[in-house]
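Annotated features in TrEMBL:
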type: TRANSMEM; residues: 66-84; note: transmembrane segment
type: TRANSMEM; residues: 96-119; note: transmembrane segment
type: TRANSMEM; residues: 131-152; note: transmembrane segment
type: TRANSMEM; residues: 158-175; note: transmembrane segment
type: TRANSMEM; residues: 182-200; note: transmembrane segment
type: TRANSMEM; residues: 206-227; note: transmembrane segment
type: TRANSMEM; residues: 247-270; note: transmembrane segment
type: TRANSMEM; residues: 282-302; note: transmembrane segment
type: TRANSMEM; residues: 309-331; note: transmembrane segment
type: TRANSMEM; residues: 337-354; note: transmembrane segment
Amino acid sequence: EKRTEDNNSTECSEPGAMDLKFTSSRKYISISVPSKSQAMSPHIKSVDDVVVLGINLSKFSKPTQFFICVSGVFMFYLIYGYLQELIFSVEGFKPFGWYLTLVQFGFYSIFGLIELQLIQDKRRRIPGKTYMIIAFLTVGTMGLSNTSLGYLNYPTQVIFKCCKLIPVMIGGVFIQGKRYNIVDVSAALCMSLGLIWFTLADSTVAPNFNFTGVVLISLALCADAVIGNVQEKAMKLHNGSNSEMVLYSYSIGFVYILFGLTCTSGLSPAVTFCSKHPVQTYGYAFLFSLTGYFGISFVLALIKIFGALLAVTVTTGRKAMTIVLSFLFFAKPFTLQYVWSGLLVVLGIFLNVYSKNMDKFKLPSLLGLWKKSVEERKSRTLSQTV
């Protein structure tokens, strides 16, 4: 009994230990709960780090993270959009949008594998079933989008893609159970209406619509609206890295597209055409894929840090800038209706940014301004009377 009491006093004096003891002649049970510093490994502490192209964004403040991500998205995706339109300007290439997506997915898989080898933790955290769903949605949004360029002009295709703000919000409600305020809804409506107005102006000035292209880009829009919410939920639930997301989603998508092209006999004509124009196809496709890979890395960082809705808002603004550059580098007719629709889109972006920072600043309401003017008038009258 004396030996048992000595053991009890020794173990209870250790910090961070909680012991449950049952003293008998034969049984002695001890349960120890380690302290937080012992339970938290260095790897788990660094799970929340967001590394993009070797830059650890977690070391910066939130505004700096936002600035870096937005700068990366705009810089790389503007080059991406220019190269995409340049590839489809090659005569005879328009029917091979799915093959371009196959080459793009192949390059993305290689880039993702290289980046994954450069980081310390190479384990796959997100389940394979989730990656199969994400890969299917990625194939839908990118493959159908590239294929639609064979039927629609580039600004019209971009305008349709920009209208995904409302589907993203609907997907956020049903997939993640989110609730958006009236300012978010107003921002989505302003941006979507502005972009639709842009589409109507484009159809009036330079009609180049095809019902097949409209169906393709509409399906791509639906897939694009869902994929952001699925990626955000998977990355936050399993703490997956950007390079892991890119590698597994695009490599599985590569298999999907290769199987589809093989079954539809669309692989051989595309390979034959691209072999005759290797620089204009594979050369541009490499640069196109490289800038797209860098761009998607910053988009995933935006999704992981700030959420899918803000990421979509940034990419929508980038698409509007892409349209402007498209008019500058490729000859197209112009109308002032483009300007008014662009201003409506800018208003939507402002409302979305304001919604994310409502706790930091408040816009003066009409009622508040009226009350303030009445009080100033009363005080002025009182001072004159005195």
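Backbone N, Cα and C atoms are what each Cβ position is placed from, and that goes for glycine too.
TrEMBL entries are annotated by machine, without manual review.
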Cβ-based contact of the transmembrane segment (96-119) with the transmembrane segment (66-84), 3 or more pairs under 8 Å: no
Closest-packing stretch to the transmembrane segment (247-270), where packing means Cβ pairs under 8 Å, from 66-84, 131-152, 182-200, 282-302: 131-152
